[in-house]
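Per TrEMBL, the features are as follows:
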- 24-41: compositional bias 'Low complexity' (COMPBIAS)
- 186-199: compositional bias 'Acidic residues' (COMPBIAS)
- 1-41: region 'Disordered' (REGION)
- 169-203: region 'Disordered' (REGION)
- 300-334: repeat 'WD' (REPEAT)
- 344-385: repeat 'WD' (REPEAT)
- 430-462: repeat 'WD' (REPEAT)
Amino acid sequence: MDLLQSYADDMDDDQHLQEPLRNPSSTASDHSSPDSSPIRISLPAKSAAPKVDDTALALTVAAANRALTKPLDPTQRVVAYNPTYDQLWSPIYGPAHPYAKDGLAQGMRNHKLGFVENAAIEPFVFDEQYNTFHKFGYAADPSASEGNNYVGDLDKLKETDGISVYNIPQHEQKKRKIEKKKEREEDGEDGGDVVDGTEVENPASETWLLKNRKSPWAGKKEGLQGDLTEDQKKYADEYAKKKEEEKSGNREKGEVVADKSTFHGKEEKDYQGRSWIAPPKDAKASNDHCYIPKRLVHTWSGHTKGVSAIRFFPKHGHLILSAGMDTKVKIWDVFNSGKCMRTYMGHSKAVRDIWFCNDGTKFFTAGYDKNIKYWDTETGQVISAFSTGKVPYVVRLNPDEDKQNVLLAGMSDKKIVQWDMNTGQITQEYDQHLGAVNTITFVDNNRRFVTSSDDKSLRVWEFGIPVVIKYICEPHMHSMPSISLHPNTNWLAAQSLDNQILIYSTRERFQLNKKKRFAGHVAAGYACQVNFSPDGRFVMSGDGEGKCWFWDWKSCKVFRTLKCHEGVCIGCEWHPLEQSKVATCGWDGLIKYWLRDQPATTCLPGPSKTQGQVHISILDLVKLQRKYIREL
């Protein structure tokens with residue numbers, strides 16, 4: 001019992017000695033007592049050993065890891081690691097197998113080319129040693145554990161002090177490049193073209209790069225290019241000329257073409273002195289009700305290429321103007337002879353758009369030669385020309401009678417440019433679109449206009465103010481290359497490139513009318529024109545298959561389709577006075593005139609000359625004759 005008691009006392013003493021060590025805070029706070037131990041200060045550890053390049057170590061560790069998966073060699077006496085079960089029972093690694101070309105038994109294969117070992121080497125370490133070996137001729141040996149752990153050119157190793165391609169300082173690399181460049185220049189001047197055979201065969205050497213100029217790795221080190229071909233010289237001259245024009249500020253001019261015009265009629269004035277463009281006095285609307293045409297009555301052929309647009313003479317329609325892709329604009333007679341009256345030649349490329357002024361005595365043409373020209377319809381002379389150096393896609397005049405000198409053009413550089421034709425100066429630019437401008441349509445008593453663009457949006461502008469007042473862009477919208485205004489001016493019909501015609505309101509909100517949608521035609525990819533009948537009862541449009549489609553405005557149902565052209569039917573216009581006649585144009589170079597057969601009528605003299613004539617149908621005339629015979 002005394003022994004146990006003494007052992008317990010010794011344990012209590014040990015616990016009292018260990019308490020200050022377990023609670024250093026109490027020791028620090030009670031350091032004034034004589035029994036407390038001194039304060040312990042922890043200092044950061046520093047290593048006096050120099051830094052060691054661990055590249056070889058990483059390769060050695062990788063080799064050790066690789067050995068774990070390598071089959072055992074039966075000839076070795078000692079195994080320095082614990083092999084796995086699969087390694088012990090793998091086929092013998094011995095002489096060439098009779099059925100294997102490379103000497104490996106079939107059981108030793110894990111790849112069609114032999115045995116592939118897994119190596120746990122970082123990609124950076126591998127690339128460093130690979131490039132170093134190709135550059136200097138030596139690299140670290142991953143299988144060597146001690147002593148000489150490098151393979152290759154050991155003399156070069158001592159000369160370069162064992163540096164790798166990634167250890168060369170940048171300034172040293174630049175210095176070496178300059179020295180090598182000077183050496184090559186000196187060799188070229190001395191005429192000494194002595195080239196080492198090893199450098200020629202080494203793909204990493206610059207000698208090999210210079211010799212193999214067609215290599216994709218040659219880069220700027222290719223030799224001087226040979227003589228240019230004639231096409232290359234021609235292109236280089238045109239490019240240099242274009243650059244000079246841009247520097248000199250002449251880029252705002254389109255291509256200069258001599259303006260010519262040819263009259264094809266018998267005489268420009270009749271016996272009374274009236275011009276050939278004067279409308280007939282008896283040209284009046286015979287009926288307010290429009291009919292869908294059925295049969296072809298006339299074809300105008302004169303364009304050698306496709307026709308891009310047609311326009312009837314304003315208010316009367318006795319003439320029709322056509323824009324051709326053969327750079328020519330022609331005007332045709334509709335009422336009398338049906339022949340071409342005049343040809344206007346002033347563009348060097350295809351004509352994109354045409355537009356009459358309000359009285360029809362003048363018109364505009366816009367061509368792909370970047371020119372807009374203002375023509376006199378009667379004489380064929382160019383009054384003025386406009387250009388910004390970009391292709392005009394659409395030209396329009398302000399419909400107001402007091403603003404017939406204001407021209408608007410939608411350009412390929414995303415701008416709508418406004419000119420004052422009296423001065424020839426640009427007065428305003430509307431620059432908000434993100435793509436080429438395709439259409440300009442005036443609404444709201446010509447105080448505003450709507451534009452569409454290749455950016456798949458509609459923008460509404462206040463005339464004269466380059467700020468968008470309404471922006472319409474939805475994810476489901478497509479580009480709208482043609483827009484037409486309804487005769488009641490309350491609706492816009494927009495040809496959408498997803499094979500449908502959408503209707504927008506022209507009132508304050510410009511909302512999409514979801515109840516009206518006209519579909520069935522195939523217009524995707526073509527700027528087919530959409531139009532209305534003069535009474536607003538029908539909507540019509542061409543399509544990419546050469547058809548002209550007619551829809552009923554109220555029901556939105558297809559009323560009739562006509563096969564008009566071979567190819568694309570790009571334009572269609574309803575006659576402003578004769579409500580049953582429609583003109584179409586296509587890329588086959590033809591303009592066709594369509595008519596609906598109406599009940600035949602005859603004219604009977606009225607009771608007096610002051611009352612004029614009475615129009616009576618043949619059926620009513622037969623009834624009157626029978627009644628007259630009965631009375632007799």
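Cβ atoms here come from the backbone N, Cα and C positions, even for glycine.
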- Message: Just to be sure I understand, if DSSP states are collapsed into helix, strand and coil, how many residues of the repeat 'WD' (300-334) fall in each?
- Response: 0 helix, 20 strand, 15 coil
- State the mean pLDDT for the repeat 'WD' (430-462). 93
- Query: What residues in the same chain, six or more past the boundaries of the repeat 'WD' (430-462), come closer than 8 Å to it by Cβ-Cβ distance?
  - Reply: 393-394, 396, 398-400, 403, 408, 410-418, 468-473, 477-485, 489, 492, 494, 504, 506, 510, 527
